[in-house]
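Features reported for this protein in TrEMBL:
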type: DOMAIN; residues: 1-119; note: domain 'CMP/dCMP-type deaminase'
type: BINDING; residues: HIS50, CYS83, CYS92; note: Zn(2+) binding site
type: ACT_SITE; residues: GLU52; note: active site, proton donor
type: BINDING; residues: ALA157, TRP173, THR199, GLY300, PRO301, ARG302, LEU303, LEU304, GLY305, SER306; note: NADP(+) binding site
Amino acid sequence: MSDSFFISEAISLGLKGRFTAKPGVKVGCVIVKENRIIGRGFYEKYGGSHAEINAINDVKEKYKKNYLSKLSGSDLFVTLEPCSKKGKTGACVNELKKYDFKRIVVGTKDPTQNGINNLQSAGYELKNLNNQQCQALNESFFHKVKSNKPFVRAKVAMSSDHKSVFASKQRKWITGIPARNNVQTLRAEADIILTGAGTINEDNPSMNVRSKKIIANKNFVQPERYVFSNSLNLNWSAPFFKLPGKKVVVTSKKNLPKLPQGINDISLMSLKKNSNSLSSEDFIKRISKLNVNNILIEAGPRLLGSFGDYGLIDEYIFYISPEKLGTKALHFYGGDKQLNFLIRSYSI
């Protein structure tokens, strides 16, 4: 079997950490001996053992006292360059050097590490596949490394006439259950979910992950929830504030500290203002200093426009209903600039 086959197997393993490795990277690893996979591993949770270590441990568990002979002369396939710096765990290169691998095949390079050179200097045969699927596996991470800003994705539910807010407040949903289920996946992938005061007050959303399959994983951690509010005029009894998890209210400096009495588990972040609005640029600048790779915006036209006008949204996910809402409904985008899209994919 080819290197492409085995790295594809490693990618499939890496995807198992899709919702639990954040804000770390998704990494999968397989160990191959005589054209057969003898060990599998992936990065299961942030701060836990890395994929390579888990794959080695898998071999140890399967083959007990014979694990060294099994590892000797084997090929290790890993989707991302092994780490060479000590972080929450020891550097993977130091662990790999304990074993007599024939080859180490890397799906793609990690710009923040020096594992390939390190292992080559130690006498190992290294091969970098420069695989696009391995790069796509951690799109947000590579975006952050390159731009020094988190990857910002905006989820938009709209009608066929591009409206996202009903003229009447009697209706709540534009799209159906399949779309709402898919949004659970987007939320689970995010480090931060961002919304606006209008959405909190009008829609009374939870803004958390409720998919039973996802939250059943003991390693899953709910994304942090942020809300923009100029005036702190918020429905403090909304599920957004009552449910467990980190909540942050983003407001202007003049509102600090003005939280209502009895609100104790909510953090405040103060921003500069652009005209009468909170500065989206200042927000991204502040968040970029944190360990955050992926932000999901679920908000109304005004907040969406404040980010879109400054080119701060990297990807829009549209859920489009066939119905029209009419001229009295609000357009999904409340910015001043015209949006130009490159469609990456679509489904019906």
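One is the number of the first residue shown, and numbering goes on along the chain from there.
Backbone N, Cα and C define each Cβ position, glycine as well.
Curation plays no part in TrEMBL annotations; they are all automatic predictions.
Positions of TrEMBL features highlighted on the structure.
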residue: HIS50; record: Zn(2+) binding site; Cβ contacts under 8 Å, 6 or more apart: VAL27, TYR43, PRO82, CYS83, THR89, CYS92
residue: GLU52; record: active site, proton donor; Cβ contacts under 8 Å, 6 or more apart: CYS29, GLY41, LEU76, VAL78, PRO82, CYS92, GLU95, LEU96
residue: THR199; record: NADP(+) binding site; Cβ contacts under 8 Å, 6 or more apart: PRO205, GLU298, ALA299, GLY300, LEU303
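Taking the binding-site residues CYS83, ALA157, LEU303 in turn, the residue surrounded by the fewest other Cβ atoms inside 10 Å of its Cβ turns out to be ALA157. In the three-state DSSP classification, ALA157 (NADP(+) binding site) falls within a strand. Within 10 Å of the C-beta of GLY305 (NADP(+) binding site) we count 22 further C-beta atoms, all protein chains included. Under DSSP, GLU52 (active site, proton donor) is assigned to a helix (H, G or I) in the three-state scheme. Per-residue pLDDT, averaged along the domain 'CMP/dCMP-type deaminase' (1-119), amounts to 97 for this model. Per-class residue totals from DSSP over the domain 'CMP/dCMP-type deaminase' (1-119), listed helix then strand then coil: 46 helix, 21 strand, 52 coil. Classification of LEU303 (NADP(+) binding site) by DSSP places it within a helix. Sequence-ordered, the extra residues of this chain that approach the Zn(2+) site, with Cβ no more than 8 Å from the Cβ center of HIS50, CYS83, CYS92, are ALA51, GLU52, ILE53, PRO82, THR89, GLY90, ALA91, VAL93, GLU95, GLY115. When Cβ neighbours within 10 Å are tallied across all protein chains shown, the highest count among the binding-site residues CYS92, PRO301 belongs to CYS92.
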